[in-house]
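Quick one: structure below, then a few questions.
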Amino acid sequence: MAAIYVSICVILGIASTINGRPRTEDERVMIDEFLPALLDRLQNNPEYAFLLDSPLKSTRQKISPVQQQENWPENNLKLGQVAGVAVDSNGDVLVFHRGDREWGARSFDYNNELSQIEQNKGPIRNDTILRLNQNGTVIQRLGANRFFMPHGLTVDKKGNLWVTDVGLHQVIKIPADPKETGLVLGEAMKPGSDNEHFCKPTDVAVASNGHFFVSDGYCNGRIMKFTKDGMPIKSWGKPSNNPVEFAANDELFIPHSITLIEESNLVAVADREHGRIQLFTAGITDPNDTGRFVKSISNSRFGRVFAISYDPTDKMLYVVNGPTGQNKVEGFTVGLDGNIRDTWGPRNMNFDEPHDVSVSPDGHHVYVAEIRPNRITKFNK
């Protein structure tokens, strides 16, 4: 305790002498009255543990640096615009890309329908979904002649794949067991805003109980929650192109990515053009408590928030932004308190246009998908 006392006195500049002279009686009384309370506060607040010469250790978690793995994936892997990436429980990496198709300024008409020119091309002939092992070798290809404009990709704990196609305006579940029946939500090629339609849905997050959330997306600015069988539970949020300073908490300017923080009963949404992450209740145990705003995470360094992925092993959000002309395009490790703990990116180069990010279930790897250049990058931590 004496060591703590001296340490604090030195820090505060109030040791037995002040500016080379003995303490006055008033200074001694002030120190003796207030120092015990200060010590008590420091000892019981882990954030200040580093100030104390005591066994108390700070609970501020040490974050492992995120570093790129070189020569991954295999050199001859050819990809189109890489829209989505996910990692399954075995550590296999799933990639959702657009093959020979690109989303350009004329891909959609003013009604948000895929242009007739794009529809006439038919579905993408390439295998749009690739499964890579941890060494970066392709071990499975699927999805040819099925999708028009791939966007989001998620894999649930049972290994089922969930994808969104903004051209089809659909959310599709591809079961891990081919004998099981899949699930298709939304009417093909028909955008809408009721419970049976989407308008360019962007991403899916699946809870342990099978309930899933859809960020719907470019037009509707809403989040939708469904039962495992695809029955709607709740919808919230509304589109807004207001500057973030004037946007309400449930106004979303392209909810582009979504991730669950199940242990905290939260669903996190990347509100892309507002440059923020909105946290809402997920209703994991109480479905009636779904969609209630909890917190906003924002930072001027974000710019536009393209994708987020939560790692329960270190309780961090992994975030990638996109080009704005002002902000550096990079990855962020962000605590749920909103503080940026680390920034990261490819070695000896920069990200160009990150579109998705995913953390492996064991928390050891982070993967970033980019639509320009068309690549997938692996990071270790």
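Including glycine, each Cβ sits where the backbone N, Cα and C put it.
Curation plays no part in TrEMBL annotations; they are all automatic predictions.
As annotated in TrEMBL:
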{"type": "BINDING", "residues": "Val85, Leu153, Asp356", "note": "Ca(2+) binding site"}
{"type": "BINDING", "residues": "Arg98, Tyr218, Arg272", "note": "protein binding site"}
{"type": "BINDING", "residues": "His151, His256, His355", "note": "Zn(2+) binding site"}
{"type": "DISULFID", "residues": "Cys199-Cys219", "note": "disulfide bond"}
{"type": "REPEAT", "residues": "136-177", "note": "repeat 'NHL'"}
{"type": "REPEAT", "residues": "190-229", "note": "repeat 'NHL'"}
{"type": "SIGNAL", "residues": "1-20", "note": "signal peptide"}
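Mind mapping these onto the model and telling me what they sit next to?
Close to Val85 (Ca(2+) binding site) in the fold, though at least 6 residues off in sequence, lie Val93, Leu94, Val95, Phe96, Leu153, Asp356, Val357, Ser358, Tyr367, Val368, Ala369, Ile376, each with a CB less than 8 Å from its CB.
Within the same chain, residues at least six positions away from Arg272 (protein binding site) with a Cβ under 8 Å of its Cβ are Phe253, Ile254, Pro255, His256, Ser257, Arg304, Val305, Phe306, Gly322.
Other Cβ atoms within 10 Å of the Cβ of His355 (Zn(2+) binding site), summed over all protein chains shown, number 23.
With a threshold of 8 Å between CB atoms, the same-chain residues lying at least 6 positions outside the repeat 'NHL' (136-177) that come near it are 71-74, 77, 83-89, 92, 94-98, 101, 103, 107, 114, 118-119, 122-130, 183-192, 197-206, 208, 210, 212, 214-215, 217-218, 257, 356, 378.
Beyond the repeat 'NHL' (190-229), the same-chain residues lying 6 or more positions past its ends with a Cβ under 8 Å from any Cβ of the stretch are 84, 108, 111-113, 151-152, 154, 156-157, 160, 162-164, 166, 169-171, 183, 235-240, 251-260, 262, 267, 269-270, 280, 282-284, 290-291.
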Cβ within 8 Å of the Ca(2+) site centroid (Val85, Leu153, Asp356 excluded): which residues?
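For the Ca(2+) site the neighbour list reads Val82, Ala83, Gly84, Ala86, Leu94, Val95, Phe96, Gly152, Thr154, Ala307, His355, Val357, Ser358, Tyr367, Ala369.
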What whole-number Å value do you get for the CA-CA distance of Tyr218 (protein binding site) and His355 (Zn(2+) binding site)?
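The separation of the Cα atoms works out to 14 Å.
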Just give the helix, strand and coil counts over the repeat 'NHL' (190-229), going by DSSP.
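Secondary-structure composition of the repeat 'NHL' (190-229): 0 helix, 16 strand, 24 coil.
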Hey, of the recorded positions listed (Leu153, Cys199, Cys219), which one tops the CB count within 10 A?
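Counting every other Cβ within 10 Å of each candidate, the maximum falls on Leu153.
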I need the CA-to-CA distance for Cys199 (disulfide bond) versus His151 (Zn(2+) binding site), whole Å please.
12
